[in-house]
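Student: Before I ask anything, here is the structure I am working with.
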Amino acid sequence: MGLDRPQAWLLGLPTAAVYGSLALFTTILHNVFLLYYVDTFVSVYKINKMAFWVGETVFLLWNSLNDPLFGWLSDRQFLSSQHRSGAGLSSRAVVLARVRALGWHGPLLALSFLAFWVPWAPAGLQFLLCLCLYDGFLTLVDLHHHALLADLALSAHDRTHLNFYCSLFSAAGSFSVFASYAFWNKEDFSSFRAFCVTLAVSSGLGFLGATRLLRRRVEAARRDPGCSGLAVDCGLCGEELLVGSEEADSITLGQYLRQLARHRNFLWFVSMDLVQVFHCHFNSNFFPLFLEHLLSDHISLSTGSILLGLSYVAPHLNNLYFLSLCRRWGVYAVVRGLFLLKLGLSLLMLLAGPDHLSLLCLFIASNRVFTEGTCKLLTLVVTDLVDEDLVLNHRKQAASALLFGMVALVTKPGQTFAPLLGTWLLCFYTGHDLFQQSLITPVGSAHPWPEPPAPAPAQAPMLRQGCFYLLVLVPITCALLQLFTWSQFTLHGRRLHMVKAQRQNLSQAQTLDVKMV
């Protein structure tokens, strides 16, 4: 029986497009979550302050630990294992396992997203459970999605191609931010709740459809020696690389951590990425504050809302251009260029001063866009570290999700340091303590500007000057630290080509061994 036209058209989609669409189904939920979950519990459900901070504290701990925990549970069997039957797992079986996991965890992520917008328990308990459930499923989806980037393709060009589609679909998903403003109403929550139900249903069905299509691609490649369209570089074609057919003892967590401690490029990368995560979240936390105190007298409220929405979309669109540069010059050179650009623009802004409003507006926007764009490029670097980890430790299979989880474990503290250090610096420079003001309206509420009480007339110029120095000195410091740590990172150029070649040779040699047996 032949396929009908819609089904045949879906099967004809590029694998990279199907893989990238998974980013769409995550982004349409996550941006709305980030913008509205605090305001929903504070303004709609009236959660008390103690319950709110208890929930955030538990969430902070859970958010830091679940990445390596889920990565270890997912990939420990790939480090070295032997099944009782004596048969190992093939690389294709690993990909299938990740796709099946996404098929389960994606709809569960959509369901946990829905749990925020319907009161079903005391506000404090619901806040805690919703945060932990949502972040748990989000972590599982992100880990397996990122791990597939390393498993579906080997060459830098093809991984860049996969990431291109992720950025394209993430940009499309970010438009849910603009749509949300039309439905958000704290007094009449029903329309916003219906909007969230629509997003969750769309996301859940999208995950089911995309993972089913990916699974068909992988299974079809097993029967098709030509391997047209499975992996971008056909890296999985004909590869039945067995995992654990030679080693009987599993690697313990302590042994794995000691291996990472000897992985020089991993250590330099996470040092650089910790600063990058800090800078990304610093920009996100203080973007509205900079608009309020540096530009609010010169731009309208609607313009500020548009700038806020564009700050979520522009990094994804800009990343499409960065990825084209990566294909030509390599990720290492592009990231280094972005660090130099950040340093140069910040020094120029420092010399120009806070009174050049057009330059100031451009700098605030470009600083966030370029910083977020750099964060998205670093996923490609982690996939290269996965390759080097496999070669250095002679693994039977790349532990992609586990390495992504370990990177997150080391770098996620930057999310916490950003608001703490930023508010301390602001208080140090100006004496203006945000915590002694009335509660700031969360970004994404009906009023997307933070609304601290107006400072005293004598304090206002000092506060504006303090915000300006915070705006330019933080990126200057971050850029200098990152340029130093990035200069110590050697996984590029000849070494990267050598690692890729060794991984390819290992796969071919072990595939030959399996066939000989």
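Note: Cβ is positioned from N, Cα and C throughout, glycine not excepted.
TrEMBL annotations: computationally assigned, not manually curated.
Got these off TrEMBL a minute ago, pasting:
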TRANSMEM  12-38  transmembrane segment
TRANSMEM  95-117  transmembrane segment
TRANSMEM  123-141  transmembrane segment
TRANSMEM  162-184  transmembrane segment
TRANSMEM  190-214  transmembrane segment
TRANSMEM  266-287  transmembrane segment
TRANSMEM  299-317  transmembrane segment
TRANSMEM  329-352  transmembrane segment
TRANSMEM  468-486  transmembrane segment
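Help me see these features in their spatial surroundings.
Tutor: Proximity of distant same-chain residues to the transmembrane segment (12-38), defined by a Cβ-Cβ separation under 8 Å and at least 6 residues beyond the stretch ends, is recorded for 102, 106, 109-110, 113, 116, 130-131, 134, 138, 141-142, 145, 148-149, 152, 161-162, 164-170, 172-174, 176-177, 180, 184, 192, 196, 199-200, 202-204, 206-207, 210-211, 213-214, 217, 229-232, 312, 442-445.
Taking Cβ pairs closer than 8 Å, the transmembrane segment (162-184) reaches residues 14, 16-17, 19-29, 31-32, 35-36, 149, 152-153, 191-192, 194-195, 199, 232, 305, 309, 312-313, 316-317, 319-320, 323-324, 376-377, 379-380, 444-446 in its own chain, all 6 or more past its ends.
Below 8 angstroms of C-beta separation, residues 260, 308, 311, 364, 367-368, 371-372, 374-375, 378, 381-382, 385, 389, 403, 406-407, 410-415, 417-419, 421-422, 443, 470-471, 474-475, 478, 481-482, 485-486, 488-489 of the same chain, each at least six residues beyond the ends of the transmembrane segment (266-287), sit close to that stretch.
Taking Cβ pairs closer than 8 Å, the transmembrane segment (329-352) reaches residues 156, 160, 322, 359-360, 363, 366-367, 370-371, 373-374, 377-378, 380-381, 384, 471-473, 475-476, 478-480, 482-483, 486, 489, 491-493, 496 in its own chain, all 6 or more past its ends.
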Student: Of the listed stretches 123-141, 190-214, 468-486, which one has the most C-beta pairs under 8 A with the transmembrane segment (95-117)?
Tutor: 190-214
